[in-house]
């Protein structure tokens, strides 16, 4: 994030040489062994960050389970972390180990602007994701219909524009004085207004919004869970389905007890025996022809013929009633399947919301110490001094956050875990 220097009117410091008490050094104090160790450690951090976030991008773009458009936010967030690892951390490391800025004034200006932009965009992304979660919970049907890939991409563009508006204007007033032209420093001014502006705009304000939104999401989810549990306890709830099931069981019991003269084929003419009605009608026609060919039929025969025809009509009515009950049963079954799919989708949404809450919590934990000490220095300067090694630790812990999101996805989300395994297995097979 803010790879800044803190320059007062009397002194100027690089970010790595800053101490809130006002002490600074313009040359590196690291031994060769320490330089090698730090370079190796940070190089591993850079590589891990790039590989992990590239996996996130590939997983979202190729995995069917990760296709929902809201996951495009994670692609954009991972892209910001990749840019931090490639364009910011290497130059911060060189500045730390060398003790001065080696890469010229033009790149210094670009480097500072991008550093502020990428960290600001990370937290604004998380803020947008929290709002997306909130709308999907409170306006599930309407918002899910509106949440198309095109709309999400538009929201991502807005996130980057907001980040640029927060980050770039103060950079116009940067002080670029150097203590020694032979050892130039890449630095911003440390005026109180800028420190507070950047801290509030880039961290504290989005962080407060994000936390409040997630508290609201938790409240809504808790209320819904309580309402659902009350509905389950309600004896009148869902009485339609038991009645259908009882009706079917009564029909089955009547058939078993011999009360139904029709064959089992009557129960599902539409599904298993589509020609049942046709067979009934053809048999009745044959009976009619036989009765016409018989001469001088007796009264007994006529009575039996009427009984047969009434029995056939009764059987046909039963068949139609049974068909209707089966249609009703199949529609109920389809409805149950739809409900179960919705429950699976809701469970996935809950898991995803939990994962994003972990991502946001880790981000706050990683960056809060830096911004707190940075703001404290801007307000009260020397009286609020913290040890220089501690400030450097806070500074680099913030950068480490860029590598943690893929780890969080792997630990807490099964869809990401499967996607990562599939990608890595394919890469492994191709290499052999």
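Placement of Cβ uses the backbone N, Cα and C atoms for every residue, glycine included.
What Swiss-Prot records for 15-28 is compositional bias 'Polar residues'.
Swiss-Prot lists 272-283 with the feature compositional bias 'Acidic residues'.
Annotation comment: Swiss-Prot describes 331-342 as compositional bias 'Basic residues'.
Among the features that Swiss-Prot reports, disulfide bond is placed at 108-186, with the record citing sequence analysis. Mapped onto three states, the DSSP output places residue 186 (disulfide bond) in coil.
The N-linked glycosylation site annotation in Swiss-Prot covers 3 (among others), and the record cites sequence analysis as its basis.
Among the features that Swiss-Prot reports, N-linked glycosylation site is placed at 23 (among others), with the record citing sequence analysis.
According to Swiss-Prot, the N-linked glycosylation site annotation covers 26 (among others).
Swiss-Prot lists 1-28 (among others) with the feature region 'Disordered'.
Residues or ranges marked as region 'Disordered' by Swiss-Prot: 224-342 (among others).
Summarising the annotation, Swiss-Prot assigns site 'Implicated in ligand binding' to 115. DSSP assigns residue 115 (site 'Implicated in ligand binding') to a helix. The number of other Cβ atoms within 10 Å of the Cβ belonging to residue 115 (site 'Implicated in ligand binding'), over all protein chains shown, comes to 25.
Beyond the transmembrane segment (36-60), the same-chain residues lying 6 or more positions past its ends with a Cβ under 8 Å from any Cβ of the stretch are 30, 66-67, 71-72, 74-75, 78-79, 81-82, 84-86, 89-90, 93, 96-97, 399-400, 402-403, 405-407, 409, 416, 419-420, 423-424. Annotation source Swiss-Prot lists transmembrane segment at 36-60 (among others).
When Cβ-Cβ distances below 8 Å are used as the criterion, the transmembrane segment (73-98) is approached by residues 3, 14-16, 28, 30, 35, 38-39, 42, 45-46, 49-50, 53-54, 56-57, 60-61, 107, 111, 114-115, 118-119, 121-122, 125-126, 128-129, 132, 152, 155-156, 159-160, 186, 392, 399, 402-403, 405-406, 409 of the same chain, each at least six residues removed from its ends. Under the heading transmembrane segment, Swiss-Prot lists 73-98 (among others).
Non-local neighbours of the transmembrane segment (109-131) in the same chain are 1-4, 70, 73-74, 76-77, 80-81, 83-84, 87-88, 91-92, 103, 155-156, 158-160, 162-164, 166-168, 171, 174, 186, 188, 198, 201-203, 206-207, 209-210, 213-214, 217, 356, 359-360, 363, 367, 398, 401-402; each lies 6+ residues outside the stretch with a CB under 8 Å from one of its CB atoms. For 109-131 (among others), the entry in Swiss-Prot reads transmembrane segment.
Positions annotated as transmembrane segment by Swiss-Prot: 153-175 (among others).
Under the heading transmembrane segment, Swiss-Prot lists 192-215 (among others).
Summarising the annotation, Swiss-Prot assigns transmembrane segment to 352-379 (among others) and lists similarity to another entry as the type of evidence.
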Positions whose Cβ lies under 8 angstroms from the transmembrane segment (393-413), at least six residues beyond its ends:
1, 3, 15-16, 45, 48-49, 52-53, 55-56, 74, 77-78, 81, 84-85, 88-89, 92, 119, 122, 351-352, 354-355, 358-359, 362-363, 366-367, 369-370, 373, 420
Cα separation, residue 108 (disulfide bond) to residue 115 (site 'Implicated in ligand binding') (Å, whole number):
10
Largest tally of Cβ atoms lying within 10 Å of a Cβ, found at which of the disulfide-bonded residues 108, 186:
186
